[in-house]
Structure formats: C-alpha cells, structure tokens
Amino acid sequence: MAAVLEATSLMAQDPGLLADVLRRMATGVGPATAVDQAVEGFCSILEMSGGYMAERVTDLRDVRDRIVAQVLGQKPPGLPQMTEPSVVVAADLAPADTATLDLDHVVAIVTELGGPTSHTAIIAAQLDLPCVVRTAGALELVDGDIIAVDAAHGTVVKDPDDSLREAILARASARAALKESSGGPGKTKDGQAVQLLANIGKVEDAEKAAKQDLEGVGLFRTEVLFLDSKTAPSVETQVKAYTKVFQAFGDRKVVVRTLDAGADKPLAFAPSDEEENPALGVRGLRMDRRYPQLLDDQLTAIAQAAKATGAKVWVMAPMVATVHEAQAFEQRVKSHDLPVGGIMIEVPAAALRAPHLIEKVDFFSIGTNDLTQYAMATDRMAGELAELLDPWQPAVLDLIAMAGAAGKAADKPVGVCGEAARDPLLALVLVGLGITSLSMAPNGVPAVRYALARTTTAQCEELAAAARGAIDAAAARSAVEALVDPEILLAL
Ligand SMILES: C=C(OP(=O)(O)O)C(=O)O
Ligand SMILES: [Mg+2]
C-alpha cells in the first residue's frame, strides 16, 4: 500500500507534468483546466504505449482529481476516516471505494448519482449495508446531520421524527422475525425446488454467506477480488482465494464467474482502449480476445482449488453473445478438467438464440442487470432513466422467458443471478418463467424463501403471464401485487 501511494505522490511531482501545466497557464488557461489538460495529454501517451504504462492511467487521473480538488479548495476525493457510526453520502462511489469501506463505522450509503444496478448498490447489498442511490439533494447534507435511510423504500429523511424512527425500527424487527420463521432449501408451495443461492465477491463475503441458511453460491464475482490489483493475479494467488471460498461452502455448489472486466468494472491489468461506449465494447468474455492468458490462468486456478477441496464447482462466462463464444468457452472449461460449464445470459442476442446456445453448455445464469441495460438501451449507471432500467419491463421478461423455455426443453438448469432475484414478487414471476435457481445478496434470501413457500408453481406461471401481459414495468408489478397472496405483501 505504502509503495503504491509513494508511486502516486511521485507522479504528482513529475517535472514534465509541472512544466506542461505552467506552459498552459502561461497562455491564460486556469490552473484546474491546465492540470486536467496536461494530465489527459500524458494519459494518451501512456495509453498508446500499452501494457504496464497504460495501466498507470487510472493512477494519474486520481492524482489529477486530487490536485484539481486542492486548486479549487475542495475536499480531496476518497473516503474520509470515520470514528463513529456514519452514513457515507457521496455523489457516487467507485467500486474500489465501496469494496474498501470501513465496516466498523459505516452503517449506510446514500448517493446522489448511480442507479439500482450500479456497482455501488450491488456491493452495498453484498456488505449488507442499506443503500439508497439517486437521492436528489444528497450532497446538501453536511457532517453531523441526522438522517434516516430506508433502503426498502429508497427514501432518505433528514431529522426523522419519533414516529418515523419507531416505524423503521418496527419494520427491522418484523423482518428479523421473518428471517427466523423460514429456513431450509427453497421450494414452492407445491414442493418444486428452487435453489436459493448467494452472490459473493470477496473471500470475507463468502465466509459470511456460508454461515447462512442458503444452498450455495450462484454468482462468485471474481473480479471483485482483484479490483485493486495493478498486475494480473498469479495462479497461486488465485488458488489461495478460491480455495478459501470453496472450503467455506463445503459440499454446497459454487458457481464461479470468470473475470468480468471492462465497462463498469475496470481492472488495471486488463485495460481496454478509451471506448466511446465501454458497455458495448471489450468487456467480460470479450477480453479473452486480447488477454487469453488471463482466462487460462483463471481456469487453471479454479481447477486446482476445486481439486484440492473436492468442491462442487460450476464455471460460467459473462457477456456471451453468440453460439460460437458459448462453444469455445465450454471447450476451454472442459479442457481444464472442470466438469460443469455455463454462460450468463445478459446480452439480448443470447436470449433470442437461447435454444441454440443451450445445446453447447451445461447451464444458463441470467444476469438481469446487464440484460435490462441492453434490452432497454439504458446505461445501468443512469439513475435518471430508472423506470426504463427496471427488470419488471415486459420486454426483459420476454427475454427471460425465452432463456427459461430453452432450458426447460433441454432439461438444463437456468438460474437468475441479477438483482431481480432479490425482489420477492419478481422472484415468483421468474419461477413462473422456468427459472430453477435464484442467486442474490444473502440478506435477500429469507424474504424470497417466504414468498416461494406461499405460492404454487401454477400460481407463479399465472403471475408471469400477468406480468408479461402488462404494458410497462409499473403495470407488471401492480398486476402481480393484485394476484399474489396478501401475506407476502405484508412481509415486503
Ligand atoms: C449478475 C450480473 O452481473 P454484474 O451485475 O456483475 O454485471 C448482471 O449483469 O445481472
Ligand atoms: Mg453483468
């Protein structure tokens, strides 16, 4: 850590950079703009050099942000030290900031930007931290303000009165009671099994999730382990991390997703070019075109850890769009002696061609976060378009139905591992669309289990038909609310 910070501070003192800034200021450009322009000039040169040099661009931009903050008399970026229970309020948080939060003091997160499927929200759910994104006026809050953060309803209230405080505490204890009242494997009222699984990122998440009443891991986001790594993790480093995760889950299934780098999850060791539309660029499995060694090393490490622990390991690739990609990935998985290979369905093309793709792989796992962003042509970070970026959108449900039907016809499992799985009402719809497992932040499991236990498979199918028959996301949800067992609504 010290070495990284030292290298960063040397960048800030670079004489070439200083000379460039001074030259620009001499032409009348203001100091903050001069720093920004000079740093961007250096970044382009580094990016053209590629490899290690290109990886320094992120650090250099961090230096820029710090200098610009100083010049403008603003607070430097990054999270301040905390000494008492605090709510972190920010414009938005970088994944690395969220992943390194001081959990002894942070009790909730509020951001002005971002969306419900942005990584801030996902990692917060993973850490079991209440999080409300897209809060207008959040940045007007100041240190010392008392706020009530209600993540279930997405509200933030300054100076909550006694009745609101009591209502929040009462709901928290009602949910805790619900948690205690349900347990065991997920199943519908008529006994159809629906596996309830955890989404995990870091080893600590895995160890925490493994202690809970759930059936394994449906999504191990391996890139979260390496968000801070400047260089590609060695096979040895990876084996150590995977071994800990597999050991924690014993004989329960663990679905490992290969690195999903790029777009909203940049990794310094797998840089992409400056792309106009990174979400549509080289990300996920597409990185394999550029850095094939990364996937081979990762599969080697997963196979070694699986062998050492005897764990039930399934492997899947993110961002698959074509039959050819699915087939090539499956062959790579099998060539490493890993017995079960699958793909994520998060690109609409893959859902549309699901019957062809399922022939090549052992299972599907639907990533509703990306599937929604691509189906609705709405950036998952764009909170302003929240009503479009909603997995209840009937168009998204139609795509899920295609993947579910293809799995059913081929008698292969189809899970959902996007945030949609954590919404108890939507979970029922998903089961009605043929989904066989639901993977989510572990704290979501009890409510989903409770909803499933009160609904038959036939009812789930009826709910799915009603949702698909609606004209938009809000109507789909209302249609389901009108049909579902009212007890479920009380527990939400
Ligand atoms: C589960 C998904 O993957 P991620 O959120 O990590 O992109 C998804 O896209 O739904
Ligand atoms: Mg995704």
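Note: Cβ is positioned from N, Cα and C throughout, glycine not excepted.
Because TrEMBL annotations are produced automatically, they should be read as predictions rather than curated entries.
Here the structure is a predicted model, which means the values were calculated and not measured.
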Candidate sharing the phosphoenolpyruvate site with ARG221, ARG257, ASN369, ASP370 (per TrEMBL), from ARG353, ARG380:
ARG380
Under a three-state reduction of DSSP output, how is ASN369 (phosphoenolpyruvate binding site) classified: helix, strand, or coil?
helix
Pairwise CA distance, CYS417 (active site, proton donor) versus ASN369 (phosphoenolpyruvate binding site), rounded so that it is a whole Å:
9
Mind running the binding-site residues ARG257, GLU346, ARG380 against ligand 1 and keeping the ones whose CB falls under 6 Å of it?
GLU346
Out of GLU346, ASP370, ARG380, which binding-site residues lie by ligand 2, with a C-beta less than 6 Å from some atom of it?
GLU346, ASP370
Please give me the CB contact count at 10 A for ASP370 (phosphoenolpyruvate binding site), counting all chains in the structure.
25
Using DSSP, what's the helix, strand and coil tally for the domain 'PEP-utilising enzyme mobile' (83-154)?
16 helix, 17 strand, 39 coil
Return the residues near GLU346 (Mg(2+) binding site), defined as same-chain residues 6+ apart in sequence whose C-beta is under 8 angstroms from its C-beta, sorted by sequence, else 'none'.
PRO318, MET319, ILE366, GLY367, THR368, ASN369, ASP370, LEU371, TYR374, GLY418
